[in-house]
Amino acid sequence: MVTKEEDCLPPVTETTSRCYSTSSSTPLAELETVRSLEIVESSSSLSPVWLLVIFCIINLLNYMDRGAIASNGVNGSTRSCNDKGKCTLATGIQGHFNLSNFEDGVLSSSFMVGLLIASPIFASLAKSFNPFRLIGVGLTVWTIAVLGCGSSFAFWFIVLCRMFVGVGEASFISLAAPFIDDNAPQKQKAAWLGLFYMCIPSGVALGYVYGGYVGKHFSWRYAFWGEAVLMAPFAVLGFLMKPLQLKGFPSSDSIKTVRSIEVMSPSVGSETLKNNNRLQVDNEIEHDQFEVSIETSKSSYANAVFKSFTGFAKDMKVLYKEKVFVVNVLGYVSYNFVIGAYSYWGPKAGYNIYKMKNADMIFGAVTIICGIVGTLSGGFILDRVTATIPNAFKLLSGATFLGAVFCFTAFTLKSLYGFIALFALGELLVFATQAPVNYVCLHCVKPSLRPLSMAISTVAIHIFGDVPSSPLVGIVQDHINSWRKTTLILTSILFLAAAIWFIGIFINSVDWFNQEETGSENPRRPELSSRTP
C-alpha cells in the first residue's frame, strides 16, 4: 500500500509507473493503478513456448475428432447380407441409427455448416471481447457438443451436436494463429506456424487409430466422451488463466474495468480523503461521475455485440480491397480443391488404376508422413530465407509447381512403386505450403483484422475448395470413366494454384505486423516489403 506522496507503484507491462500524489491523484487513476498491480501480482503470464504447446494439443484434439468420426470404429456401417445369406452386424453411428450413405454424409456437412457460419462471427466479436476468453467460450461449446454426440438418442440430435462442434472449433481456428504469430520469436514465426498446422494431418491420423480402437473395444459413444474429457481442462484454462492480449486489440474489456472501479472505489476514495481533506468535494464529484459511467455501461455488452456486427461489413470491404489477401486466398482455394478431392477419391483411384489391395493404408501413410514432414519443412525454409510476404509467395508457387509436376507424372506411370515414390515427393512439396500461406494471411492485413482474415480464408477454401471438389470429380469420372484421366485433370489444377501464387510475388505487399494502427479510415501505408531475401 502507498504510504507516502513520493512512493510509486511498480510499472505495469511497458507503461510508465504511476505515482500517488495527493495534489494530482483522482480516484480513477488510483483505481486503474491498483487494479493493474493486483493483476500482475495475482496472475502469471503463459510463456510463448507453453502457449504453442497448448494450442498444438488443442488443434490435435480438434482434428482427432474429425478423424475419429470418419473411422470405421465410430462411423461404422449398417447391417448387410450377401447372396449366400451371411450377414454382418450393424456397427457405429451408421448402424445404430440405421443411416443411409447420404444421411451419414450429412454429419460431415453439419459440422462444416457450424464452422463456416461461426468463424466470421468470432472474428468480429474479437474486437469487443477479449480474444483469449472467446477461445475459452468456443472450447466450452465444443466440449459440451462432443458430450452431446456421445449421448445422442436420435439422428437429428447428433446432427445438431455436430453443428455446435463446428461452432466451438470456429473460435479456435480464427484466433489461435494470431496468438502464435504474436508470441513466436521474430525469426521463427513461420516455423511455429508450421508446428501448429502440422497437427492437422497428425490429428486426423490419430483420430483414425483412436476411433477404430475405442469403437471396436468399447462403443462409438466412448470415443466422443473421451474427447470431451481430454478437451475440458483446456476449456477451463481459457477462463482461469490471465487473458492474453492480441496485437491491435484493446488491452482489456471496458466493462470489466468499470465494474472493478465500482467495487474498489469506496476504499480508494476513503484513503484519498484521509490523506487530504481538501480533496473531499472534488472526489465526491468524481465518484458521482463514476456512478453515471457505471449506469451507462449496463448495456455495454449489447452495444459491443452490435458494434461488432455493424463493423463487420466495413472490415470485409477493407479485407477484399487488399490484393495480396485476395490473391493468396484464390491460390489457396485452388490448392484445397485438389487436396480435398485427393483425400476423398485418392484410395479409390489408386485401387482402380494400380489394383492396390491396401490402397487405404498406402494413401493414408503417404499423406500422414508427407503432411507432417512437408508442413514442418515449409515453415523452417521460410524462416531460413527470411520470412517476408514476397518470399512466402515464392515458396508457395515454387513448391506447388514442383509438387504438381511430381504428382502429375506419378499418375502417368504404370509401375505401382514408381507411382508411390513420385506421389510421395509431390505431396511432400505440396504440404510445404501450409505455413507460408497462413503467414501471408496473418501479415498482409492490419493486426486487428487477422482473426477475420483467418476466418474468411477458412470459409473460402471450404465453400469453393474441398466441399464442391469431391462431387465435381465424381461427375467428371462418371462421364470419362477413366480414373487415370480424371486424376490427371484434377492434378492439373495445382498448376493453376502455383500460377496464382506466382502473381503474388509481383504485387506491392505490406507487412502490417510491426506497424502501429491508427484510428483513421486510411492509415499511413508502411514501407513495402522487400522482394529479396
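Here the Cβ of each residue, glycine as well, is placed from N, Cα and C on the backbone.
What TrEMBL records for 45-64 (among others) is transmembrane segment.
Per TrEMBL, domain 'Major facilitator superfamily (MFS) profile' is recorded for 51-510.
Taken from TrEMBL, the feature transmembrane segment covers 106-125 (among others).
Residues or ranges marked as transmembrane segment in TrEMBL: 132-157 (among others).
Residues or ranges marked as transmembrane segment by TrEMBL: 192-210 (among others).
Annotation comment: TrEMBL describes 222-241 (among others) as transmembrane segment. Packing against the transmembrane segment (222-241) from elsewhere in the chain are residues 43, 46, 54, 57-58, 61, 64-65, 68, 73-74, 132-133, 135-137, 139-140, 142-144, 146-147, 149-150, 210-211, 214-215: each is 6 or more residues past its ends and has a CB under 8 Å from a CB in it.
Annotation comment: TrEMBL describes 324-345 (among others) as transmembrane segment. A Cβ distance under 8 Å defines the sequence-distant neighbours of the transmembrane segment (324-345), meaning residues of its chain 6+ beyond its ends; these are 367, 389, 393, 396, 400, 430, 433, 437, 440-441, 444-445, 453, 456-457, 460-462, 464-470, 472-474, 477, 486-487, 490-491, 493-494, 496-498, 500-501, 503-504, 507, 509-510.
Annotated transmembrane segment per TrEMBL: 361-381 (among others), in sequence order.
Taken from TrEMBL, the feature transmembrane segment covers 393-413 (among others).
Proximity of distant same-chain residues to the transmembrane segment (419-442), defined by a Cβ-Cβ separation under 8 Å and at least 6 residues beyond the stretch ends, is recorded for 177-178, 181, 189-191, 193-194, 197-198, 200-201, 324-325, 328-329, 331-332, 335, 339, 350, 353-354, 362, 366-367, 369-371, 373-375, 377-379, 381-382, 387, 389, 392-393, 395-396, 399-400, 402-411, 413, 450, 453-454, 457, 494, 504, 513. Annotated transmembrane segment per TrEMBL: 419-442 (among others), in sequence order.
The transmembrane segment annotation in TrEMBL covers 487-507 (among others). Counting only same-chain residues 6+ beyond the ends of the transmembrane segment (487-507), those with a CB under 8 A from a CB of the stretch are 323-324, 327-328, 330-332, 334-335, 337-338, 341-342, 345, 349, 353, 389-390, 393-394, 396-398, 400-401, 403-404, 407-408, 411-412, 430, 440, 469, 473, 476, 531.
Here the domain 'Major facilitator superfamily (MFS) profile' (51-510) returns a mean pLDDT of 81 for the predicted model.
Two recorded stretches are said to be in contact when at least 3 C-beta pairs lie under 8 angstroms, sequence spacing 6 or more; the transmembrane segment (192-210) and the transmembrane segment (393-413) fall short of this definition. For the transmembrane segment (45-64), the list of distant contacts is 139, 142, 169, 172, 176, 179-180, 183-185, 192, 195-197, 199-204, 206-207, 210, 227, 230-231, 234, 237, 241-242, 244: same-chain residues at least six beyond its ends, Cβ to Cβ under 8 Å. Within the same chain, residues 190-195, 197-198, 200-202, 204-205, 208, 342-343, 346-347, 350, 395, 399, 420, 423-424, 427-436 sit at least 6 positions outside the transmembrane segment (361-381) and bring their C-beta atoms closer than 8 Å to a C-beta of that stretch. Sequence-remote contacts of a segment are chain residues at least 6 beyond its ends whose Cβ falls under 8 Å from one of its Cβ atoms, and for the transmembrane segment (132-157) they are 58, 62, 65, 97, 99, 103, 122, 125-126, 163-165, 167-172, 175-176, 179, 221-225, 227-228, 231-232, 234-239, 243-246.
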